[in-house]
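Student: Let me begin by handing over the structure; questions about it come next.
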Ligand SMILES: O=C(O)C(=O)Cc1ccccc1
């Protein structure tokens with residue numbers, strides 16, 4: 001039975017995302033950190049791992065960026081986008097609540113609500129929203145900001161539901177496997193890479209230009225320090241399209257020439273189903289016709 005490690009414990013948003021991406025009969029295996037979810041799939045203990053990658057309010061999840069960049073390569077085969085509205089669980093009377101724990105991304109998205117409803121409470125970062133609920137059960141914190149599903153796992157008092165400073169916030173999750181042939185292109189795909197850049201004037205501009213001249217639309221650009229010298233970054237880029245498409249393959253080959261290293265993180269269907277736009281001169285046949293023309297000249301058969 002295929003096993004999917006997810007960022008747990010039970011009752012996280014990531015469990016919900018893993019459930020929506022799992023096939024029938026897949027076993028969902030909770031692990032405590034994003035790094036250990038990826039470590040388990042790298043080691044072959046599980047077949048896939050589900051982790052959060054970015055949020056529409058708080059941006060990238062740094063732990064996921066680092067775990068994807070370090071260690072053996074893994075590639076995304078699917079993504080899920082979930083609305084995030086929070087439930088506040090407690091074991092106390094409201095007046096007694098002195099500490100509220102949650103994942104930093106969750107705390108950042110309910111700051112306004114907490115300031116209004118629990119102004120006396122101190123905010124404490126936990127490894128995940130569900131870990132905060134576990135902490136409340138153990139008496140370590142007075143309240144937890146959790147996913148709605150947490151209430152079924154942790155029998156605590158529901159202080160509030162549908163809590164969100166930004167009502168339409170969403171989080172995107174990835175399903176990652178050990179590298180294999182990517183899922184086939186659908187016309188509405190995303191390709192994800194990490195570009196390790198040389199420390200050179202205009203290096204990022206040159207990389208972006210390789211995408212721009214092929215009419216490739218960026219869907220995400222994030223930077224993380226390499227943890228080496230101050231000012232050295234790696235860039236996490238997502239683009240509309242699939243590596244099986246000529247313009248994407250051609251662009252990645254150009255980046256391979258220009259960058260210190262390029263890590264391919266997958267080509268997979270977009271959860272929003274938005275089809276890629278392909279400019280009039282960057283379709284697959286345009287590339288094939290152009291390559292045939294060059295080959296003909298090399299062969300001495302120019303028409
Ligand atoms: O802690 C969780 O439940 C997660 O899955 C990470 C997370 C935290 C806040 C919003 C979305 C996902």
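Cβ from N, Cα, C; glycine included.
Curation does not apply to TrEMBL; its annotations are automatic.
What TrEMBL shows for this protein is this:
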DOMAIN    3-178  domain 'Prephenate dehydratase'
SITE      171  site 'Essential for prephenate dehydratase activity'
DOMAIN    192-270  domain 'ACT'
Student: So how many of the residues in the domain 'ACT' (192-270) end up helix, strand or coil by DSSP?
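Tutor: Counting residues by DSSP class gives 23 helix, 30 strand, 26 coil.
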Student: What is the average pLDDT across the domain 'ACT' (192-270)?
Tutor: 94
Student: Within 10 Å of the Cβ of residue 171 (site 'Essential for prephenate dehydratase activity'), how many other Cβ atoms are there?
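Tutor: If we count other Cβ atoms within 10 Å of residue 171 (site 'Essential for prephenate dehydratase activity'), we arrive at 24.
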